[in-house]
Amino acid sequence: MNPIKPIFFEEERLFLLDQRKIPLKEEYFECNSFKDTYYAIKEMVARGAPLIGAVAAYGVVLACKEFKDDHKQNFIKNMDYAIKHLAKSRPTAVNLFWALRRMEKVFKSNVDSIDTLENLYTLLINEAHNICYEDLETNYQMARYGVKVVKQKARILTHCNTGALATTGYGTALGVVREAHYVGKDIKVYVDETRPRLQGTKLTSWELQKEQIPFTLIADSVSAVLMKKGYIDLILVGADRIAPNGDVANKIGTYGLSVLAKQFDIPFYVVAPTSTIDLDISCGDDIQIEERKNEEVTNINGVRVAPDNIQVYNPAFDVTPSKNITGIITEVGILGADKNSIREFRRKGD
Ligand SMILES: CSC[C@H]1O[C@H](OP(=O)(O)O)[C@H](O)[C@@H]1O
């Protein structure tokens, strides 16, 4: 089975599997400029916190390609503009800003001393490649830790898409599902649709069907009764930003699932790389929640199904308090969703 390739950089162009078209079409969207990558992130051609970071990293590469023949002062001004522009694409996933900071560090620490801007371009390409390689390795490591919380024949509920399509190729929460399947845990998955963008219906179903991992698609509203009936053994979700106290921002609907999980005493794990932990904030209230356009709620496949001229509220994420989270599965181990565990991890990882 060919691995899913959500992103690749070839002949100085960035290619993104266009997730707006899956599962009906498997087509690549080509980015030739940093503005193309801004568009791709904003319009969710490619989405998912870790993948958004990788796309932004190549956005900086494409900016360098665009401006490297300028005079150095113009080059620096244009690169600063490009990085600031990319940072405005989507506000919640901290991986975007983490990746941009990494790329900016390579740019700023070399631009004055390097002999040619062509060589700086090569350094930036290598850094973007490294971000992707590291993310893939992180996916595998999280899956190896995460499989420890998956019991034999577990019935796992997932939310949104946290697979190869949200990362550079294996997955966070869905990576744990993949690993559990491949090591023979005989699991089955309940995939919730995840309105309004339907990442579950369109993306997670597509990924699991490709690999013949047993799953059942459900409307978001079915989760509660499945938990009440005892049909769910474990809930695995991703994250877009984790506060140092263990509060987690993730796709809208996650908070409600966590409340139900607590009510029915079902283990509720977040799976995310440590690059998703934001030490510059103190708690979930500090996380900016992206609000997206009304049409995502009023339309289905481009066809309006709601009356005209109505009020719509379309937050793309919500915040799950640490007290509702059993643990945070990362590439350095399974952390408790609390200040001390996260502080302890940083001391080891510093
Ligand atoms: C690898 S988990 C990423 C995270 O991103 C998704 O949001 P979106 O589809 O809007 O980018 C969702 O919150 C996932 O849990």
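Cβ from N, Cα, C; glycine included.
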What does TrEMBL list, out of Gln73, Gln199, Gln209, Gln212, as binding the same substrate as Arg47, Gly48, Ala49, Arg90, Asn250, Lys251?
Gln199
Return one of helix, strand or coil for Ala49 (substrate binding site), based on DSSP.
helix
For Asp240 (active site, proton donor), what is the tally of other C-beta atoms lying within 10 angstroms of its C-beta?
31
Where Cys160 (site 'Transition state stabilizer') falls in three-state DSSP terms
coil
Between the Cα atoms of Asn250 (substrate binding site) and Asp240 (active site, proton donor), find the distance and write it as a whole number of Å.
5
Same chain, 6+ residues apart, C-beta under 8 Å of the C-beta of Gln199 (substrate binding site), given in sequence order:
Arg47, Cys160, Asn161, Lys251
Ten-angstrom check, please: count other Cβ atoms within 10 Å of the Cβ of Gly48 (substrate binding site), all chains counted.
30
Three-class DSSP secondary structure - Gln199 (substrate binding site)
helix
